[in-house]
Amino acid sequence: MTSIPEKPIDAQWTMDQWNAIYSEGQDILVAAAAGSGKTAVLVERIIQKIMRNKEDVNKLLVVTFTNASAREMKARVNHAIQQESIKHPEDEHLKSQRIKIHQAQISTLHSFCLSLIKSHYDEIDIDPNFRTANEVEGVVLLEQAIDDILESYYDKNDQTFLDLVEHLSNDRSDEPLRVILKRMYQFSIAHANPIEWLEKLNQPYIEIDEGHLYFKMLDEMIRTKLNSANNALYQSIDCYQNLIDVEKHMDYLEGERIWISQLIAGEKSYDAIGHDISSKKLPTNTTKISKANEGDEQLLKLGKTYHTKYTESLKDINDNYLSRDKENLIKDMHQMSPRVQMLSEITRDIIHYFKKLKQDKRIIDFSDYEHLALEVLTNDDGTPSEIALQYREHFNEILVDEYQDTNRVQEAIIGCIKRGNESNGNLFMVGDVKQSIYKFRQAEPELFIEKYKRFNLNPDTSGKVIDLSKNFRSRREVLDNTNYIFSHMMDEKVGEIEYNDEAKLYYGADYDELNTPFEMDILVEDSYDEEDNNILEAKHIVKKAQYILDNKEVYDRKTKTYRPATYKDIVILERSYGNAPNLQQAFKDANIPFYVESKKGYFEQNEIRLMLSFLRVIDNPLQDKYLVGLMRSIAFQFQEDELAEIRNKAPREIYYLDSIHQYVEHSEADMVLVEKLNLFLRQLEHYQTYSKSVPVWKLLDKIYNDYYIIAYFSSLTGGVQRRQNLYGLLNKAVQFEASSLRGIFQFIRFIDELIERGQDFGQESVIGPNDDVVRMMTIHSSKGLEFPFVIYSGITRNFNRADLTKHIILNNNYGMALSYFDVDQKISYPTIASTIFKNINETEMISEEMRLIYVALTRAKESIYLVGRVKNDKAVEEMGLVQADNHEILDADFRVSAKSPLALMMAVMAKSNKHGLSHAMLFQSNQNESFNINILHEDAEEDIEEDESEKPTIEALMKYKTSNNKEKILRQISYEYPNKSRLNLAAKQSVSEIKRQRETEDAGTDYQIVRQYQVGTKAYDRPKFLSNQKRQSAEIGTLMHAVMQHLPLEKDGLNEEQLIQLVHSLIDKDILPTDALDDLQLDLIAQFTKSDLYTDLVNADKVLREVPFVVGQDDIDPSVSHDFKEDENKPIIQGMIDCIFIKDEKVSFIDYKTDAFIVRRGKTMDDVAEEMMKKYEVQMEYYKNTLETILQRPVEGYLYFFQYGTKHIKEKY
């Protein structure tokens, strides 16, 4: 173990951070609380390894959770190396690191696994030309694998399989069985050896006896329930002992106390619970006690309430844990064993067949990355392979970020390539188990917890734990209140860790002192309709946001000053996007800009439903629902009476398509309708033929154009959003065709699978996250981010317990629980495994929900506002009556059964000494917590203001309907536009488009054709499947312009380090994408800051950037006709000038260009520059004329080409 250097007095790091940066010689686990600077510590450790220890950067393996964080980390390390190289140009080690950084393994574990597979594909059974499957292929091929395997089992007609189908299917289909098989597949591949995990599932069903682990676990669960009952009994005793004339009650309660104590101590059989449950009743002299205790009615009521909780707990134990004796519980398990074995075998077959389907297409998926990498790194007996030993030798240290989200396969991979054991290993792990919120992705926080305990218990013989507990993000009040809530809510029983002094958040920022308590607004619902109550909550959230904007300020810790709150200072956090539509509408009504990147609602939009109906009918017109819907749509416009007439002329039991065919042949058919139907059938046949020879996206594009789909939906309310949705569907079809799958059927199957799984694309975004808007995001999306003001809402929505009531419950550590089902009698009830797994999974689920609450609360810098709902005032009162263990923490059984985040938090907050409950019900206060709990009665209909004068009255509509408008209508339909010559003149053009027009006119081309092509193709955004590919030059130019727009003006210019800091700040503000540094040419921008032109900007009196303009074309272009009438619309020009600066009343403008300078034989850079200036002559002329027209003064212009080297072209126009 190496010594840690002494920390300088002026070092920015805390002592714990310093230890995390320099500790070595054993495996190290850094438990980094929210806002503690873990990323900065991790980056600094890497840098010090290179600078201080003289290690090669490519000898470090750095594993991050996302590609974005990997890119940022690599950029920071690269920048640090470059800066040190500038300071020490003679240092050969630093010179070599500038080359080796490009081979450095700073990536996600998936990326590392992929590179490992590519390097060693010959060691495993994989085609060297493999590629990664996209989501479409993965979904569809897994469906195909399940289809084919189930079909093979149906063909065998095995009785156990048929019993299993009966057990797990419903009356309509075997879809529930298919869903279970998908889940079993997902659970199995989260293990290092999926087949081994599956084979062990049946062991408990075969081996169970009275001494089995399950009965020990059941006993422990019953004891937990008994402790809960005992807590309720003690609360009842606390209440009654403060009353008078309750001797009989106290004698009875004392007897109960002794009785339950004997049960808990094991001195009485659990059978006594069932035998004695009916006698658990309070004495009945209630009237006498009530009279004797007038004024203490609340205490008397509480005593009764807690006694009821006591008896209900006992009844729960008897009904749900002791309803069957051990002999029958064992028998149930044995009888279900063949079905468990069958499920295991089917899932195993699906894994093998799915692998074969992927091999046939030469593709692998993300789970294959890990399993194939593990195959490379291990021998058949599970020991590390020769290749693994080579990697061990190569990597001096392995650094893992977000370790709390690691799964067991990833842990096995890391274990193969790390050196030594824990006491002398080279593994550095950073994370916060309180922020482990990815259990649904098979993350295993237990891995972190196990090491944390082991390292703390034996630091000399295992690894080392370093706690980073100082929070540098939030105000003291945010931390104090968060600590108060979690110290009374989270422990090892429910929460999986003790929220003790090591786990608490400690204040590390330097805000000035303010009294900013947690605000909890509890809305009492005014309706039985859930949607109405969601709207009520959304409107209240808008009020809260408006309150923040009107009354709150944000503290700038750098300048020690306050500024007013802005829209983007506010975030709304919820568990899901379920209430997003109501929030969007509420903020729209309040005229507050709002952004949500929702993954819901896309498939419900009318425009998308129409297009999917089109595809479904083209693929298979024997789908009546979609066929009739398509005929009723704007595309074909059949009326309801026409559709009814078609059906009336044919038997009802036939398909509607057959009804159409019969109708057109019917002797009494309406010939106008027949003609309309024939046209429809011809169109349908045309599209069916066309679809066989083109990809799906081309078929969609043709339908868009044939029926003016985009134009129509763009003209409706929300047209911009609708247009984006339609373009989005086109992009998704392009992405689909980029896979190995083809055809409408496969595309629809992919979409249907997403809909069935509850997945959604979300509506295409119109407002961006970079804008100054109030944001809504899920708690998962907010992880790692921070906001001045957090509104945490949706906290009343119940936790999802759906999986706990199903026939099969899966658990990564314990396997599978299958309920008992009698096929003949159709009787079903839980097995002992079902009871145990339900309790285990419920506890794990609540623990994760607690961690989600923790993540939500720790996003806030200034203040947090909680918004919840209850049915009535009584519900609020009941939330505060939850019993507690020794006045320290909420009762464990209550926490496991809590229905919502509100129930958990309110139970704690109500027990603060500031909320008027009796001492018996309070927690020990830390004297720092501060909560404002507001019970509000609001009306969902209030604040809806409409201008009644703008509403058309029924009378006015009737008058219009009955008036004689024939002449007016004839005039309108026979109207002839007088200026036909101007029809081909664009109403609005950009300066760049005019430049292209001039170029094509010079070349003798008909510009209308060119323009039509340009506009028609440009309308489609770049397909999203290209987003991971290399940026095009135009996209890089956009990045460069974004930096120039925000470039500081410093007298001495800027170096690359300062520019990197600028880019990071722009990324933090969502102005630049997270991977911008990959493509930005900061050295060229740095050169610009050393130019004379930059000096002119620094010395200017005024500088304006990205200045938009719109002017009449005839005002600035002499070649355009001026013979427009006064009331006639003139063509206009729009554009954007990169920079305008004014010095001594002289106006100049700059246009930045990122064109590549290609010097061909016989040419010089100056020659190319002349050609470039000629290329942009029209554009610069328009800019100059525009500014001179607007400002009425001479203007000079400059072109600045970044790639023209040190000459810095400045040609005046």
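Backbone N, Cα and C define each Cβ position, glycine as well.
Taken straight from TrEMBL:
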| type | residues | note |
| --- | --- | --- |
| DOMAIN | 11-475 | domain 'UvrD-like helicase ATP-binding' |
| BINDING | Ala32, Ala33, Ala34, Gly35, Ser36, Gly37, Lys38, Thr39 | ATP binding site |
| DOMAIN | 476-784 | domain 'UvrD-like helicase C-terminal' |
At a 10 Å cut-off from the C-beta of Gly37 (ATP binding site), count the other C-beta atoms across all protein chains.
21
Other Cβ atoms within 10 Å is the metric here; tell me which of the binding-site residues Ala32, Ala33, Ala34 scores highest.
Ala32
Sequence gap of 6 or more, C-beta under 8 Å: which same-chain residues meet both conditions with respect to Thr39 (ATP binding site)?
Ser69, Met73, Asp401
Over the domain 'UvrD-like helicase C-terminal' (476-784), what does the predicted model average in pLDDT?
85
Within 8 Å of the centroid of the Cβ atoms of Ala32, Ala33, Ala34, Gly35, Ser36, Gly37, Lys38, Thr39, which other residues of that chain place their own Cβ, given that this set defines the recorded ATP site?
Asp432, Leu468, Asn471, Phe472
Count of other CB atoms lying within 10 Å of the CB belonging to Ser36 (ATP binding site):
26
